Every structure is written in structure tokens, then in C-alpha cells.
Protein chains: 2
Amino acid sequence: MKNYITRDAWKIVEDGFHKEFNEITESLMSLGNGRMGQRGNFEERFSGKTLLGNYVAGVFFPDKTRVGWWKNGYPNYFAKVLNACNWTGIEVEIDGEILDLNTCTYEHFQRVLDMQRGVLERECTLTTPEGKQLKIRTRRFCHMVEDESGAISYSITPLNFDGTITLTPFLDGNIQNRDSNYNETFWNEIKKETSFAEGILVMETKPNPYGVEQYQVATGMRFDLKKNGQILDFQSLPVRDEKYVAGKVPVQLIQNEELTLFKYAVNLSSMNHTSENLIPDTKVYLNRLAEKGFEQLLEEHVAAWAAKWEQNDIQIKGDVAAQQGIRFTIFHLQQTYTGKDERLNIGPKGFTGEKYGGGTYWDTEAYCIPFYLSTSEQQVARNLLIYRYKQLGKAIENATKLGFDMGAALFPMVTMTGEECHNEWEITFEEIHRNGAIAYAIYDYVRYTGDKDYLTEYGLEVLIGISRFWKQRVNWSVQKNQYVMLGVTGPNEYENNVNNNWYTNYIAAWTLRYTLEALEYVRNQGKIEDISSKVAFDFASETAQWQHIIDNLHFPYDSERQVYLQQEGFLDKELLTVDQITSHRPINQKWSWDRILRSCFIKQADVLQGLYFFEEDFSEEEIRRNFDFYEPMTVHESSLSPCVHAILAAGLGKKEKAYEMYLRTARLDLDDYNNDTEDGLHITSMAGTWMSVVKGFAGQRVQDGLLILNPYIPEEWESYSFRLGFRGVTLTVAVSQDSVLITNPSAAGIEIVVHGQKELVAGQKAFPLKA
Amino acid sequence: MKNYITRDAWKIVEDGFHKEFNEITESLMSLGNGRMGQRGNFEERFSGKTLLGNYVAGVFFPDKTRVGWWKNGYPNYFAKVLNACNWTGIEVEIDGEILDLNTCTYEHFQRVLDMQRGVLERECTLTTPEGKQLKIRTRRFCHMVEDESGAISYSITPLNFDGTITLTPFLDGNIQNRDSNYNETFWNEIKKETSFAEGILVMETKPNPYGVEQYQVATGMRFDLKKNGQILDFQSLPVRDEKYVAGKVPVQLIQNEELTLFKYAVNLSSMNHTSENLIPDTKVYLNRLAEKGFEQLLEEHVAAWAAKWEQNDIQIKGDVAAQQGIRFTIFHLQQTYTGKDERLNIGPKGFTGEKYGGGTYWDTEAYCIPFYLSTSEQQVARNLLIYRYKQLGKAIENATKLGFDMGAALFPMVTMTGEECHNEWEITFEEIHRNGAIAYAIYDYVRYTGDKDYLTEYGLEVLIGISRFWKQRVNWSVQKNQYVMLGVTGPNEYENNVNNNWYTNYIAAWTLRYTLEALEYVRNQGKIEDISSKVAFDFASETAQWQHIIDNLHFPYDSERQVYLQQEGFLDKELLTVDQITSHRPINQKWSWDRILRSCFIKQADVLQGLYFFEEDFSEEEIRRNFDFYEPMTVHESSLSPCVHAILAAGLGKKEKAYEMYLRTARLDLDDYNNDTEDGLHITSMAGTWMSVVKGFAGQRVQDGLLILNPYIPEEWESYSFRLGFRGVTLTVAVSQDSVLITNPSAAGIEIVVHGQKELVAGQKAFPLKA
């Protein structure tokens, strides 16, 4: 755990240069706008520890699978989000000395990510090895409106000399993914152009043998300069090299004169522009940016962020660390996915790193959709659902490869295009509960929005595909006289290849039930024939089979403790609690894999994940018994674990536990709890942090079309408030130590259930806080 | 399945050149002498499909582990037997045209591996692309006595021209292992020398970061020539290049003159020679070889093979395919391991290929030791046991890495030095039954030889280490009120991470029992204090704990069918038989891994392996019930499976099944059943073929110090006979369709139990064959 980030309500501040943590800071200070993004790398050369990262949404490469031992069924490639052309670079030369931030001494250094405005700023005073003292100020953003662009303002002032400062803004495509499986590079140069104060580099992803689309990305830059705030007439010498363009600008400066370079950059991808238009569109775009100029672009950008915060902010009073943590998560979620493009999704690291390949996981459905449902227009969550709908065909192909038929669909564990990328048999082939999460997200969306048309238009087809998979994935056990599901891995990945994982069985049976409901709804709408004939659905026989499974699926249960068993045979384990193995933690670093597997310890909620999803099916006492049984065995070594426990604990009135779990998620990256922030941020688990507050402390639910709140406040806080978009209105919920104040700016009132009481809220309404 | 090898009792014959199968032929025609070996590569250039392979026993390289996803506990390296300097090469140039066997046309072509004499021969008449017709005759062997050497006689005759033939015998160290994890090479050149008709190349394995010993190997060659059988005075031009030495010998020939090159080569490794002595020793060795000359060397070699066959041959009359098959297996087993050096062991491919790294597997204990016990001096099997004894310390370290303590030992799944090399969690960490096989081999050796002193000297220490492992590996299940063993993989690798694998539990409990017996024996010998203090053994407490486990370990059992269950929950599977999935076979090529895992289908005997090992603990009816339950579910997709079934089926009087299973093992490689002979031969499973005959058809067992035979003869055969070394005598057992003739050349008679009757056999004794 690190503690070098200054606590501030709106800013992530590094005071003094912590070189040793530079890769962590780069992750924390990543910028993005849903369309492109980048790590908080320096503009200048830095020969120290750094992970250069620039990413263009949706652009990936199918890297040849690497395994130790091949298992039949493994996919041939693992799609990797591509580390793309570096557009932020500015080489700085002072009287012939190249500035390397790693070799300077610093009189002053501050890096700030201003989350309110979405701007990365730096100010430092440094001395080079040759004794030149300089002041540098930078500002940078990825534009939230002009979302294929970014801009940099780079100011430099000689403090102890007169001399020549040469600035060389460049675009560099000599980039390798750090996690390349075989140390290969993935880009080819297609074209490059330079002209006065402009450079364009078009690159294409290398050919691949998997039939995966090749992408072209045109990266363009334009720059202009000011001296002491006045427009400067400058000379620029164009430079062209392999996958590299630049413009060299030498400027004579007198001591204390400030030179400012404005660099405008765009990344246009062939996902959104035809190949022929890439260069012309780049030029038009650059012209527009340069015409507006840095300050106007910044103004638009800050306004866009203000609107986002208006919708999304969570304010916490009395705890600046918690305030900073929650805003940090909201900020990054909003940077990563804006919901404008249904081809895009949310990679586990967003635009902050390469780890896990940047593909789509079930995290999206289980954790992110609730966040976007409450904080963004309905379209955003809907697009995330449509993303999967469009991949249904691939999910059916994927299931076919694994031996299923008749339209059974298995959505991949990790994917870009709908094809499976992951290659670890116990996950790829067996962590099939993900399929249930995709069904659940449809339910969750319809429940929250009331948009039942979605079922008819898209949802039912997906549900049928998934239900067909479950139908074929179970088998009849003569021994048990029940259906069983053999060989699965649940959300708790510290168990592999188990039989009758309770969570997976539950979500399978639930999917079948919900699909039957959805079928009934669509039939009542008179739309069933279209879908039935499209997917060759045999209504009578398939629904009867599903009902038979619903009625006869096995669920392991311990009648003595009255708890659901995580899987068959769980009670054969030595049942210990986490506090008995304190010196062995984290077990994923201290124990070999087999020891983890045969222990009782849980990585991430498994039975509890099911009780969270399907809360309404269980009594509070049941939930409590299971929580009390499993939580003490849970090591939370997945970033996705604590939030579910926080929500359940809050619901059970276990306030201390809820707060403890909240703390584990809220500052996970800011304080580098898991020693891995340098790889990038845990973007998807950030949605869990938001849920811990809204679904946990504030007890937000939706039932029968009604918004429900059961708020309480952790005693560590003075107050907290958040916005909630729900069916066309945006409510503000403000919770203090003794009351809940709900504000509905819409004239039309809305019925809300607060602490079990249904109330019509129009304007402001205060409720006493339940103890 | 291929059918191009001519059937012959003593020879492996390729008539006509089957270029497309060249890598298969190279595997089949591999040569070795226990100390070095090589694939049957051509001497001349061959631009077609070939896997060049030369190996020096014990010389390996720790190749950096390659995995898709790292699991805690994986070893850093995978030791690879090293493809070493190619010493067989002879470049041939005819009037400036380099001979490439791939581009010639053949009037005649025959390759023969003469197993009786241990010689690889080739005779062919060919025409080059430029129209030169040549006759070539080669003979090659790896010397069975001078076992660091080999020799080649290479004869070439111009048939349609007079001209210059230039022969360039060379040593080439530019070799890469085909299975190198990252396409790296593993050799550095240290030194090279050339002089007239001689070349020496010393190479060293590259440095590694794992503290693994680097090996040096000096490869030397000497050559001389004859023309039409007369010693030839020739010119030789030495050539030196990177990791390459050669001598270029141009000779003028008149049509039909035969030129013969004799090439003598040695491979001296730093395992057996000091670094300084490598070159001097090489020179001495080469001198000796050249002095003896090819024909004398050949004579010694053939005599050594004759002695081996005298001890080992199995003769089968009336079935040349079976005869060829069984001699093929005996030949390769004897080439691979001669038992002279306790540092060596039996790699799964011997000297015939690189696959599986050439390390030691439990195959040695479970399959090979019975073969060597019966066919070689006692010392051979004993050395195989001592190999493991010497690695006991590493096995304890290995267990410690996985969280065990107090001297618990886990022998590796794959190893060279005692350190684990394998990296597949379900195998590496969980296929722990291997530990039991190592204990069983001690029992098997003592039972066969009566050498109980081995227990005192070495065996007991190993047994204690393994027993301590089992003790810690089980845990008490409160639920079952018994001990359980969770998270293992049995011999049937088509199940992973199962609980209470019957075979593993059985061999664990058996190990504890046998260790208690061994302790008792050693205590009675008055030797217990030495061992107890050496391994800090707490007699009273440890033996009591073991007894408690023996008395309370859980064994899954189906009381309805009265069969042992392969593992917990086996009956939840859909119980199908192999004949119901004919079109899906082999399932390891047609099904994804998860489908294989959740099916009932068995790769290799699991419960049946236990019944085979511990036959005496079970009634024939029990064995029959289990055989009838499991065999129909067994796909035998491991080369190690059929032999165990053949033996059990034979014992149960299931003669057709026994013969079917025998056929699956006997010509596995000769007919390339599994489409993988090109990678090398299945050396360790060859011991299973031998067992199918001797333990299967002839029903050979040892009980209470007595040799037992229950022979019958497959009706397809006229007769078969084999030699059996047992406690100082070598018996011949000849079985015809109506009798068994046992010959004991030793004057002292030996008691043998034939068909249940104890008889003293001295000289010859005939018994009627039981129906």
C-alpha cells in the first residue's frame, strides 16, 4: 500500500516527483474520452520506469495464443487492445542538451489530475545535468466532445540562462505492446506526411491468419507556439523516419521568457472513417482544432465534464479520502465508456494499461451496467446490451466449437469481436456462469428502465440462446434422480472444475425461468412468431424441457447449517477462517495453486454473488446465514469481491463490515492495495465502488417498477449525496446523519419507497434516517 | 495407421523410399547404446521432411518455462534433453553437384534396421538431377561396448560416369531443439580443432539463471577411406566454421569403382570427463576406434547385442507381425537404458525425439522396472531406484515449495535433476499418485529380487518421505468422519482436480502400510536408529498417525454395482460406453477439454491400474466387476493404457480382449496408430508391451518369493517363448498350443508355481497348458 498521493476532494495530486512510483502515477493520471485514451506519460524524454500507453477504442490485434500445454478447444488468438502511436511526445533540447526528466534535479514538482475539469497538469522547476534551470508547465486533455482528439499546452521557461530551446513535437509509431505474447510488434506503417507544423502517420495492424479485420489508424498533429503569451512566428523543420514524423522548432529565448507549444492531435480509425478519407479527414479535423485553439477547446471540454458531474457526482462530506476515492472511480468510468458506440465495451483496464488484453468480460454485465443505468442516459446501458446481441451469432459458433448445437450460445470469457480469446481451460471452457450474467443484465436493464420492448427487439433471442446452452450443459444423474451440472468454475476462481456450483446452477435455472417469462411477454405482444421462426424455436418441446430442468436441478445444501453449498463436496474441506491464516496472505502469492484449490478460502463472492443478484428469492435470515458462513472464508483477492459483500453487509445491518468492504474497493488503485496499479487501473471494479455507496449504504433497489431506498450513513461520514437517473428524472439523494433529503427537479412527482414507505416525491422531500 | 514397413522377424525394413513418412522412419530406425543415440537421419543432405536428432544421455538444458497464465508454484524451467552435435553428416559432391537425397530419382532403395545386430543399413541406386547414377551403401551403429562412440561405413559407386566425388564428413553443432520454448538455441561453442582426417568440436550448454549445471560435450570424428576394398591414400582439406568442423576429401573415381568412407565418432560429456580432459580423451578414444577399424568394432557390437538377445528375446511363432512388434520394443528399450549409470533414467522418447523433454516420469517405476527386473541384471532396476533415492532431497524441497513440511517428499511429475519441470497445475501439483508409484517400485523390486537390504540401505528413507507427504495431503472431513484427499488428478488424466480419486487414495494408504512393514523389518534388523535419527523420525507418533489414516481413509464405492468409484461423484456422470461414441474418436482430437472432463470416458486405467498393482488384495470377482464396469468406458488414448488392460483381461480369462489390447500396444509405433511416431517412439510404453506378453499371456507373478506362471497362448500364435531372469537363474519359458516348457540351465533347481502347482524345475520341465 502506497500513500504518496495527496488527499483532495477533486484532484489527484503528486507533490514532489516519486520516480519509483512513476508507472503507478501514470496509471492514476490516465486520460480518456471513450474514443481514445492514454496513460499519464510525460511529454519529454524519460529514461526511468515508464509504461508508454496510447489507445484507440476498439482497435485491437489478434496475438497468437501462448500456452504451456495446448488443450483441445483453445482459441488461436488472444485479442489485445493495441498500444498505438504516441501522440503526446515532445522532445526538448536546450543548447544541444536533450532534456531527460530522469536525470534532472527538481526544485519543485507537482502533477495534478484535475478530475472536475478532466485535465492533467504539471508544473516543475528543474535543473539539467549541465546546470540549465527550467520551469515547465503542461496541461493536457482528451477532448470530451471532439472525441477523436486531444491537446497539449507545453510551456518552458529558461530560468538561469539565455539560449536556444528546440522543441520537437512528434508522432511515434514504434510501439510494442508490453504483453505481446512473442515480443512481436503489431503495426505496419502505411503512409506518412509532413508539412509546416503538421505531421500525419497512418499505420495499419499487421495481417493475421485468423480472418480478423485489420485496422488503420491515422494519427495527426498540428502545433503552434507563443512566446510570453504572444503568437510566435517560428521555423519548423519536418522530420520523417520509420513510423515517425516530427517538426523541429528551435527558438532563441532570453532568461525568464516563456515559450509555449500547443500541440493538437487526432486519432482517426478505420472503424469510423474509410481508408481513403483517413488523411483528408485528419487534415480537416486538425484545421478545426487549430482554429479553435487550445483555450476554446479546453473550455468546451471542461463544460462537457461539468455536465457529466452534474449527472454523476457523489459528494461525501467529512472524509476527504472517501470523497477523492469515489470521484476517482466515477471519473475513470466516465472516461472509459461513454455509451455512444455499441461496438465498444469496457476493458478491465480501460485506457490505462494493456493487462488482460482490454477485452470484454462479464464484469460489464455484473458490475458496470448498474452504474451506467443510474448515471447515464438509458441508451448507454442499452448499447452495452446490444453489443452482446450483435455477438450472439459468434456465441452460437463458440458453443458449437465446444460440442453444443441447436442454437445454444456460450458468450466468451474474454472477447473483442464475439470470438473467445481466453486460453485457460478451467476458465475458458468452465467459467460459464458468465453466460448467466449476460441474461441477468437484460433482466436488470428491463427492471430498471421498464423498457420491455427490448425483450422483443433483442433480448429474447439472446435469452433463448443462453437457455439452450444451459439445457444442454446439464445432464441427468441417475444417482441423484436430478439434473446436475458437472465441471464448472464459479465466480470464485479459487475452485476449478467443480460439480454443481450453486451459483452457476442457480443462475442457469433462473435464466430458464426468466426466458419463459420473456417468451410469455413477447407472445402476449403478438410478436412470438417472428422470433420463433428466426431461431427455429420449438415452443412446446423446448419450454417443457426447460421447465423440467427448473423443477429438477440439484442445489447442494447443508441442512445442518441451513446454508447453500458453494459446490458439491464443499463440506469435505477443512473449514477455516481467514483470520487463522493471516501470515499466509495473500494466498495467491504465498500458496501454490493446488493448495489454494483444496482450501476453503474464497477469492470472490460465489454463493453470495447469487444471493446479491437474486435477493428477492431469499429471506433476510437465509442471506444472513450464508453471509456469516462464507464471508469469514473470503480473502477478497479479486477486485470484484468486496463490493458485493459491502452491499450485502449493508442490507443486513452489518455496518462495520460494509464500511470495511467499501474501503477495500474505494481506494484500491489510489493506494495501490494490490501492488499492481502500475499495470493500469481496475476500471470495471470501480463500478462496484459506486454500487457499494448507492446499492450498499443507500440501499437502492428497483422492484415492480418502483425505486427503493433504504439509506443509512457510515458513522465516519458527515453526509453523502448522489444523483440517480431513473425513468426520465434525475433525483438527488442527500443523506446526513439524521435524514435523507430527496430532490426531484421534475414537476411530475415520482413514487419512491424509502425505508419501506411508498412516497410521492416532487421537489424536495426529507425523511428521517432509520437507525 | 500406416502400413509401409515390411514385416520381418528381425528387421525393420523400408522397401522403396517413402519420403512422406521420412520422419516416421527416422524415429523407427533410431539407434542408441544407453549413453548416446540418434534418429535414423541420412548421412547426406536431405532437403525434405526430417527431424535431425542426436542426443547424449543426461545432457539437458533448463529452457525457460512457457505458460499462458502463470500459476503460483510453477517451476521456472522445463529441462529439455538436448539435441546435440550432428556427428553422422557426410556431404557428398559429384563433379560439383551437391547430392540431395530429396531431389534424386531412385531405381532401388532399401533401409533396414537390423535389430539382431543393432545396425542401420541402407542400399540404394539413384540418379541425380544432373543425371549421375550412383550406388550407395551405408552401415551405422552406436557401439554397445565402446558406448561413447558410433561408426559409419559409407560406400558410393559411380555407375554411369568417371569423375570426382568429394566426401565431406563433418560435425555440426548448429542445432536447435524443435521444441525450444522461445525458439532459442542452447549451445555455445567452446573450442574446435581439425587435423588430418580428424575434427573435434567442444560445445557447452548456455548459462542459465537457475543454478543448473552447464554441460560440455566434445564430439570428435576420425575418418579413413578405401577404394574397392583397398586402403586409400587421400588428401583431406580441413574446414572450420561457427560450431562446425569438417574434412573435405575429393577422390577421382572410374565408373563402378566403390569408394568407402569409414567415419568414427565419439561424444564425451563433462558428466564423465573433466573439462580439461575432454579433448585429450577424445583423441585417445578416436585413436582406439581407428586402430580397431570398422569391421572389428562392428563384430564387438554385434556380439554384445547377441548377449542381450540371449537374455531378452521373446520369440513368437506363427505371427510375424507380433514377432516384429515385440522385438522392436525390446530392441529400443535395451538401446535406451542399459542400467550402467544410476544418474540416468528413461525418457518417454529415449533417443528417438525431443517430445516431453526427455525427463523422467512415473512410467519408469510403473512400466519399465518390471521389464528390467526380468530381463537384466538386478543392478539395472536397482540403479533406477537409486536414481530416485538420490533425488529424495529435491523431492523434499519440492514438497516444501508446495506448503508441506517435516520431511514430506513429493517426487516431480517430470524431472532431470529431481527438480520439478512440468507446468500444468492439474498435473504438476495434482497428479501426485506418481509418488505412490515410486514407493510401489521399491516394493516391486524387493518382491522380485528378495533384496530386502535395499530397504535398510535406501528404500525406507524414501518410503518415509512419501508417507509423510500422504499424511499431510489428506485432511479430516467432519462431514464424512473420515480422511479425504481433495484436488487430485489420477492416472486417468481425462479427469482433473477430483476428490478422493480411488487409485490415489488406495496407493496412499498402501504406501503407509508398506512403510510400516518396512519399518518393522528394518527395526528387526537393528538398523532403525540410524535412519530414525537421519530423518528425525518420531516412531510412536508418526506410525500412529499413519495407522489412523490407514484405518479411516475414504474410498468411494458403489454398493449397488459393487465397484470402486474412480472418484467422488463419478456416478453423477452420464454413463456411456465407448461404442456409443465411435464417430467422436479420438476424443482428445474431437472434443474440447471440458467435454472430455465431464464425460465418463477414461484415457488410461485408473481403478484398474490399482487392481493391477494390488491384485492380491482383491478377489477375482471384484476385479472382474470393476473391469466390466470401466473397460467399456476406456478410450485408451494414452499409450500406457492398453497393457494394463491386457494383463488384467488375461488374468480374467478374457482372451479376445487381452489380444485386442496387446495388439494396441505391440505395433503402436511400427504402424503409427496415433499419428505421432514422427515425434519419436513411445519408449516407456514399450515396457508395457513386454508386460502384456509376460505378465499377461504368461501370467507371470512373484508371490512370497516364488515365481508364478499361469500361461496361455493366444490362438493366433503357434508358440511363444521368452527368457526370465529370476534370483540368479535365467529361465526359458516356451508356450505352445498345448504345453509349457520351462528350461532352467542352472543345476540348482528352482521352485516355480505353474497353474497353481508348485514344482521344482531343474533342466527342462513340461506342463500341460490349461484351457
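Backbone N, Cα and C define each Cβ position, glycine as well.
Annotated features in TrEMBL:
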DOMAIN    A:13-270  domain 'Glycoside hydrolase family 65 N-terminal'
DOMAIN    A:327-691  domain 'Glycoside hydrolase family 65 central catalytic'
BINDING   A:TRP362, A:ASP363, A:LYS603, A:GLN604  substrate binding site
ACT_SITE  A:GLU493  active site, proton donor
DOMAIN    A:701-758  domain 'Glycoside hydrolase family 65 C-terminal'
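Sequence features, as recorded in TrEMBL, placed on the structure.
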residue	record	DSSP class
A:TRP362	substrate binding site	coil
A:GLU493	active site, proton donor	coil
A:LYS603	substrate binding site	coil
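Taking every protein chain shown into account, A:ASP363, A:GLU493 are the recorded positions, and of these the Cβ with the most other Cβ atoms within 10 Å belongs to A:ASP363. In this structure, the C-alpha atom of A:GLN604 (substrate binding site) lies 7 angstrom from that of the residue listed as 'active site, proton donor'. Taking CA atoms as the reference points, A:TRP362 (substrate binding site) and A:GLU493 (active site, proton donor) are 14 Å apart. A Cα-Cα distance of 6 Å separates A:LYS603 (substrate binding site) from A:GLU493 (active site, proton donor). Taking the C-alpha positions, the distance from A:ASP363 (substrate binding site) to the residue listed as 'active site, proton donor' comes to 14 Å.
Taking the mean position of the Cβ atoms of A:TRP362, A:ASP363, A:LYS603, A:GLN604 as the substrate site, the remaining same-chain residues with a Cβ inside 8 Å of that point are A:TYR361, A:ALA366, A:PRO491, A:GLU493, A:SER638, A:LEU640, A:SER641. The maximal spread of the substrate binding site, taken as the longest Cα to Cα distance among A:TRP362, A:ASP363, A:LYS603, A:GLN604, is 16 Å.
Secondary structure by DSSP for the domain 'Glycoside hydrolase family 65 C-terminal' (A:701-758): 0 helix, 36 strand, 22 coil. Over the domain 'Glycoside hydrolase family 65 central catalytic' (A:327-691) the predicted model carries a mean pLDDT of 96.
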